[in-house]
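Comments concern the structure below.
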Amino acid sequence: MNKVGFFRSIQFKITLIYVLLIIIAMQIIGVYFVNQVEKSLISSYEQSLNQRIDNLSYYIEQEYKSDNDSTVIKDDVSRILNDFTKSDEVREISFVDKSYEVVGSSKPYGEEVAGKQTTDLIFKRIFSTKQSYLRKYYDPKSKIRVLISAKPVMTENQEVVGAIYVVASMEDVFNQMKTINTILASGTGLALVLTALLGIFLARTITHPLSDMRKQAMELAKGNFSRKVKKYGHDEIGQLATTFNHLTRELEDAQAMTEGERRKLASVIAYMTDGVIATNRNGAIILLNSPALELLNVSRETALEMPITSLLGLQENYTFEDLVEQQDSMLLEIERDDELTVLRVNFSVIQREHGKIDGLIAVIYDVTEQEKMDQERREFVANVSHELRTPLTTMRSYLEALAEGAWENKDIAPRFLMVTQNETERMIRLVNDLLQLSKFDSKDYQFNREWIQIVRFMSLIIDRFEMTKEQHVEFIRNLPDRDLYVEIDQDKITQVLDNIISNALKYSPEGGHVTFSIDVNEEEELLYISVKDEGIGIPKKDVEKVFDRFYRVDKARTRKLGGTGLGLAIAKEMVQAHGGDIWADSIEGKGTTITFTLPYKEEQEDDWDEA
């Protein structure tokens with residue numbers, strides 16, 4: 001923040017206000033004082049001049065009351081006038097008798113005007129009104145201000161004998177006023193200087209604490225709460241400093257609490273498995289966590305430059321305002337690592353107390369597995385319904401035929417009953433397989449594990465199939481000639497091998513080969529047990545699906561051979577329950593190899609009981 005200049009500061013403004021107040025006060029006082037003094041001096045001067053004129057009038061009146069002749073009177077009046085003009089301020093004095101004859105005058109040319117008639121209207125007005133005349137004016141010739149006073153001279157019986165005319169200079173009066181004005185101006189200037197200094201000092205007592213608070217506010221903006229404002233007194237500014245320090249402590253506590261909550265929230269968001277996206281009120285992304293980046297398969301830099309509608313791929317059908325009003329969750333399909341991922345997005349509006357919307361929170365869940373399970377469940381129900389409907393439909397048709405009289409036909413009745421029996425057994429197998437899978441799904445199963453010599457165990461199973469097989473298929477055994485022990489449930493692994501070998505025989509052509517192998521991986525302590533046929537094989541796109549429930553590569557042929565599509569699914573559950581794994585390798589048209597693993601031990605002290 002830039003420093004405030006002196007002429008823009010409070011200190012200058014306070015000082016200026018003080019100075020202006022003094023100037024206004026001194027102007028008002030000065031004008032009033034000067035006017036009053038001027039009036040007083042002029043009034044005193046007029047009174048003094050009138051007093052002298054009255055004295056002069058008295059002497060002239062006495063001369064006219066004397067018995068002297070007119071010539072003597074005129075000489076005495078001239079002498080009296082000359083004595084009166086010895087005063088510096090009297091510039092001119094004249095006496096005119098009632099016949100308008102100038103008896104005497106103090107003008108330089110007074111002798112010339114003496115004895116002459118005057119035509120000045122002032123004397124006519126005085127003689128007619130018997131009133132004095134007084135006027136002030138500025139003489140442009142001499143450039144001085146003068147006072148003109150004319151007064152009638154009357155006897156005791158109020159008879160006018162003449163009039164006195166006086167012109168007196170007022171420069172002394174105005175010189176005194178000039179001196180007074182100079183003194184007043186000097187005093188005002190000195191008062192202004194003292195006021196300015198005092199104003200600066202007083203302003204600093206206010207601005208210094210305010211400047212300290214300003215510095216503290218700047219430190220608060222930087223996050224520094226350690227600095228305190230100094231308290232200079234107990235007045236309002238001191239109380240403000242105390243309040244400011246209290247505010248600093250409160251802000252520090254609030255900042256610490258907010259920072260703690262922010263860190264907690266950041267930790268929660270960072271370690272959430274769900275994706276979280278936050279936007280501002282315009283829909284621009286301001287925050288998103290790592291799971292959101294991973295789920296959307298986008299970099300953080302790219303995401304922060306996109307609006308949320310574009311990031312979620314909704315820009316063609318939705319605006320940000322539509323998402324704000326969105327109440328239900330949405331499903332998105334994102335292609336990630338060449339796989340389709342299904343995401344569920346829930347939106348929550350960030351809203352202030354007064355209702356203003358500040359942004360949007362989007363929480364993203366990966367529901368690919370859930371959707372897959374829902375799809376599998378739907379397919380499972382459809383498959384079960386289909387598998388049960390087919391034999392039930394067949395049984396119903398044959399039973400209706402028998403009920404309509406076919407039971408009396410000795411050739412048809414046994415065949416219809418055999419078909420009905422076969423379909424019944426098929427449904428029983430299907431239900432048993434479903435119950436077995438249900439137990440695996442609910443973990444409601446128990447194994448009777450025991451240590452078995454796997455080579456001998458597998459040889460017995462192969463022997464059984466070799467004796468009961470109907471096809472002309474040759475069995476090839478690639479079995480190790482050493483003792484290898486596994487801890488298994490014989491019934492369950494027998495069922496696994498039965499399912500695998502049965503499938504190999506079903507799809508093997510006449511004259512084909514079925515190869516049985518056991519390979520040992522000593523590092524992993526695993527046995528690799530495989531059954532290879534030379535059947536029709538499995539298309540490459542379907543190899544991973546053969547262990548799915550109800551999956552058949554050739555549905556018509558599998559159903560014809562009596563399969564339910566659950567054998568390999570059950571085998572997978574059983575092998576995984578024994579800590580192993582199972583998979584298929586196939587080349588279409590050349591055959592299929594089913595391999596599963598089991599943990600083993602090289603030796604076993606306990607005696608092996610033959611099955």
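Just so it is clear, glycine is given a Cβ too, placed from its N, Cα and C backbone atoms.
Values in this document were obtained by computation on a predicted structure and should not be read as measured data.
Annotated features, as they stand in Swiss-Prot:
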TOPO_DOM  1-13  topological domain 'Cytoplasmic'
TRANSMEM  14-34  transmembrane segment
TOPO_DOM  35-182  topological domain 'Extracellular'
TRANSMEM  183-203  transmembrane segment
DOMAIN    204-256  domain 'HAMP'
TOPO_DOM  204-611  topological domain 'Cytoplasmic'
DOMAIN    263-324  domain 'PAS'
DOMAIN    325-379  domain 'PAC'
DOMAIN    383-602  domain 'Histidine kinase'
MOD_RES   His386  phosphohistidine
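Listed by sequence, the residues of this chain that lie at least six past the ends of the transmembrane segment (14-34) yet keep a Cβ under 8 A from its Cβ atoms are 177, 180-181, 184, 187-188, 191-192, 195-196, 198-200, 202-203, 206-207.
Sorting the domain 'PAC' (325-379) by DSSP state (H, G, I as helix; E, B as strand; all else coil) yields 12 helix, 30 strand, 13 coil. Same-chain neighbours of the transmembrane segment (183-203): 10-12, 14-19, 21-23, 26, 30, 33-34, counting only residues six or more beyond its ends whose CB sits under 8 Å from a CB of the stretch.
Looking only at the domain 'HAMP' (204-256), the predicted model's pLDDT averages out at 80. Sorting each residue of the domain 'HAMP' (204-256) by its DSSP state yields 39 helix, 0 strand, 14 coil.
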